[in-house]
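For reference, Swiss-Prot has these:
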- 2: active site, schiff-base intermediate with DNA (ACT_SITE)
- 3: active site, proton donor (ACT_SITE)
- 60: active site, proton donor (ACT_SITE)
- 273: active site, proton donor (ACT_SITE)
- 100, 119: DNA binding site (BINDING)
- 249-283: zinc finger (ZN_FING)
């Protein structure tokens with residue numbers, strides 16, 4: 001699943017390529033990819049004649065602000081969640097569409113924004129301008145702070161973790177704790193901290209949380225600078241891969257030697273998700 005660095009990379013690409021261009025129409029090729037409005041006809045009618053004036057990211061959600069060419073003021077928001085296999089691709093109209101194209105926006109000048117999704121878990125919303133986002137995209141209201149936000153601090157982490165017995169890896173995946181962190185970067189953060197993924201959350205000290213906070217920000221920054229990770233379906237808006245995969249320390253490297261000590265990287269199941277770690281660099285400690 002695309003995580004914060006991948007979604008942020010897509011957001012920056014959309015801000016670079018799609019702004020101030022009029023949407024000439026839209027197609028919904030798979031009805032269930034459209035979460036709101038329910039009617040495809042309403043979606044097509046409402047989005048035609050609008051232009052995108054800016055994109056932002058919240059957790060793993062994308063939100064594009066729409067303005068109408070016919071009336072002043074906000075016209076609404078275009079929302080998207082890529083889920084497991086979603087892609088947003090900016091491409092010329094005469095290029096062949098991928099097989100799993102689900103929603104298409106037609107722009108003036110012969111360009112299209114295509115929502116491509118193999119497994120069909122991703123969603124697109126057209127949000128009214130006069131309603132709070134979270135009323136329609138209910139998942140937004142459940143998100144914790146952004147990793148780079150002022151309210152995400154080591155002290156906040158410590159208060160949230162100190163009374164929980166959940167494995168630390170599982171806690172970091174909880175979007176209510178911190179928005180946007182997922183399986184790839186939780187593994188990487190724990191490696192850089194030297195913490196075993198099964199370590200109980202209530203075993204961390206405030207000093208540990210300072211390290212976790214630091215490594216979350218550092219790891220996500222490095223991944224954003226690399227354009228994200230392309231292990232499977234993720235692509236940037238121009239269709240190219242992200243480059244962080246070759247920099248990964250543990251994720252996706254089970255059976256390979258640790259880049260720091262040479263110990264074979266291990267993989268376990270933890271709460272229905274995989275966890276990759278170095279048994280030497282991340283020993284399981286009894287505290």
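The backbone N, Cα and C atoms fix where each Cβ goes, and this holds for glycine too.
Feature map: Swiss-Prot annotations on the structure.
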| residue | record | Cβ contacts under 8 Å, 6 or more apart |
| --- | --- | --- |
| 2 | active site, schiff-base intermediate with DNA | 10, 60, 82, 86, 228, 234 |
| 3 | active site, proton donor | 60, 180, 181, 182, 183, 184, 185, 228, 229 |
| 100 | DNA binding site | 116, 117, 118, 120 |
| 119 | DNA binding site | 83, 84, 85 |
| 273 | active site, proton donor | 169, 170, 173, 183 |
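Each residue in the zinc finger (249-283) gets a DSSP state, and the totals come to 0 helix, 12 strand, 23 coil. Mean per-residue pLDDT, taken over the zinc finger (249-283), amounts to 97. Taking the Cβ of residue 60 (active site, proton donor) as centre and 10 Å as the limit, one finds 23 other Cβ atoms among all the protein chains shown.
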